[in-house]
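All remarks here apply to the structure that follows.
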C-alpha cells in the first residue's frame with residue numbers, strides 16, 4: 001500500500017510538472033477577443049517578475065497611458081500602447097514566446113529572446129508615441145525589455161518589467177457582425193488562395209512558387225486540394241497540417257522538363273488558414289543554400305468556381321482568370337531571415353532606368369552610399385565598417401535600407417532618427433564567425449540622407465580602450481540605383497583605415513555634477529557611469545590611432561632591448 005501511494009504521488013508530481021512546462025493553450029486563443037474586434041483595457045507596469053505575485057509598481061508605470069487598445073487583426077490580437085516622455089524610450093521589446101526570458105548578458109543584444117515593438121504613430125508636440133505588439137490573452141503577463149536614456153541627467157539603462165492587463169476593465173469598442181462560413185457541395189472547383197507568413201498577415205514569398213488558382217475536390221464532405229509547384233528544383237519538400245500535425249503532401253505527377261510537379265493534400269476547414277512548411281534549395285554566392293520556412297495558405301471559398309477536371313484523370317491546369325492576379329509579393333533576397341530563392345533570367349536584358357523617388361513595391365534595389373561626418377561632406381571613418389552596396393527593399397510599399405556592418409562586436413548600437421527620436425535599427429541577420437550583422441531602417445525613397453547614431457566600444461585590443469557615441473549621415477547615391485529583383489548581389493568588403501578615431505570628442509572622464517536620477521532600475525543595479533556623450537560628436541579621421549600603436553610598439557621594443565642587454569651583462 002505504501003509503495004502504491006508513493007507511485008501515485010510520483011505520477012501526480014510528474015503530471016504537474018508537465019502541465020507547468022506546456023504553454024497555456026487556452027490563453028493562446030482568448031474567447032473574449034473576436035477577429036476584427038476592437039477593445040479597451042487598463043494596463044500597468046510592474047517590476048520584473050512581480051506582475052503575477054506581489055505586483056510591485058515600476059517607475060516606468062508613470063510614463064504610459066494606462067488605457068490601452070486591443071485590436072484583433074486577421075485572428076491575431078495586438079495591443080496598442082501609448083508611451084509618454086517618448087524621447088526617453090530608446091527601445092521597447094516584448095518576449096518572443098510569451099515566457100519570461102533571462103536577462104541578456106549584453107544589454108543591447110536581445111533579439112534572440114525579445115522582439116521590438118512596432119511604432120504606429122508619433123506626436124512630437126506631446127512627446128508621445130503609440131507602440132504595437134502581439135498579445136495572446138488578457139490574463140498573460142507581457143514580459144518586456146526597455147532601454148531608457150535621459151541625457152539631461154546622464155541616465156542610461158536597460159531593464160526588464162512586467163506589463164499586465166486588468167481583465168475586469170475589459171470593454172468592447174466594436175465587434176464585426178457574425179458571418180456564416182461558405183460550405184461547398186460535392187464537386188470539382190478551382191479556388192484562389194494567398195500564401196501568408198506564419199505569424200503575421202503579410203504576404204509570404206512562397207506565393208510565387210505555386211500556380212494560382214488551385215484545384216479543389218469535395219466528396220462526402222472531404223476536401224482535397226491539388227496545386228502546381230512551378231519551381232520543382234527549388235521547392236524540395238512541402239508539408240501541410242492535418243489532424244494537428246505537419247504531413248508530407250502527395251505528389252500526383254512531375255514534369256522535369258518543365259520543372260514543375262502537381263501535389264495534393266487534404267484540408268479540414270477551407271475557411272481557416274492552413275499551416276504549411278517548405279524546404280527549399282537555392283544558388284547563393286557560388287554555392288547551394290538549403291533553407292526552410294513556415295507559412296499559411298488562405299483559401300477564398302467565396303470565389304471558388306466549378307471546374308470540369310481534377311488532377312489524376314485530367315491534369316490540365318485550371319484556367320486563371322486574367323482579372324485576378326497573384327498578390328504582389330517577392331522572393332526572399334540576401335540579408336533577410338529566409339535567404340534568397342532566385343530564378344536566373346533566361347536571356348540577358350538591358351537594365352531599366354530606375355526612378356529613385358518612385359520605387360516599386362516588392363522590388364529590391366542595390367545602391368551606393370556615403371557615410372559623412374556629422375553636418376559635413378567629409379567621409380567618416382565609419383564608412384570603413386559598412387559593406388557596399390546597400391540594398392533597398394520595398395516591403396508593403398515602405399522602402400527599407402539594408403546595411404551590412406563589419407567588426408560587428410565593436411558596434412554596440414546603430415540607430416536612426418525618426419520624428420526626432422533615436423530608434424534602434426532592426427537586426428536582420430548576423431554572422432558571429434565573420435563578425436558581421438545586417439540591419440535595416442525605413443527611408444522615404446532612394447535619395448534619403450539619414451542621421452545615424454552609433455556606440456562604438458573596443459575592448460579587445462591590448463593597451464587600447466575606446467568607448468564613444470557619435471553621429472554620422474548615411475547619404476544614398478541615387479545615381480547608382482539598380483533594380484536587382486530576383487538576382488543575387490555580392491557585397492564588397494570596405495577598405496579598412498587604421499581604426500575608428502576621435503580627436504575632437506569629449507573624454508569619457510569629464511562628467512558634470514551628479515544629478516538625482518529617477519529610479520528606473522527596478523532591480524537596484526544601476527550601472528553608474530561617468531561618461532559624457534556629446535549629442536553631435538564627430539569622428540576626427542585625421543587624428544589616427546596609429547600614433548598610439550606606434551608608441552606602444554616602440555616602448556615594447558625598447559624594453560626588450562634593455563632586458564636583453566641586462567642578461568648579456
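Numbers here mean position along the shown chain, with the first residue as 1.
Using N, Cα and C of the backbone, Cβ positions are placed for all residues, glycine too.
Small disclaimer: the values here were computed from a predicted structure and weren't measured.
Residue ranges 466-501, 502-537 are listed, and Swiss-Prot annotates 502-537 among them as region 'Disordered'. Most buried of the binding-site residues 280, 289, judged by other Cβ atoms within 10 Å, is 280. Note: the domain 'NEAT 1' (34-173) comprises 11 helix, 78 strand, 51 coil (DSSP; helix = H, G, I, strand = E, B). Of the listed binding-site residues 204, 205, the Cβ environment within 10 Å is emptiest of other Cβ atoms at 205. Here the motif 'NXZTN sorting signal' (536-540) returns a mean pLDDT of 40 for the predicted model. DSSP places the residues of the domain 'NEAT 2' (184-307) in helix, strand and coil in these numbers: 8 helix, 77 strand, 39 coil.
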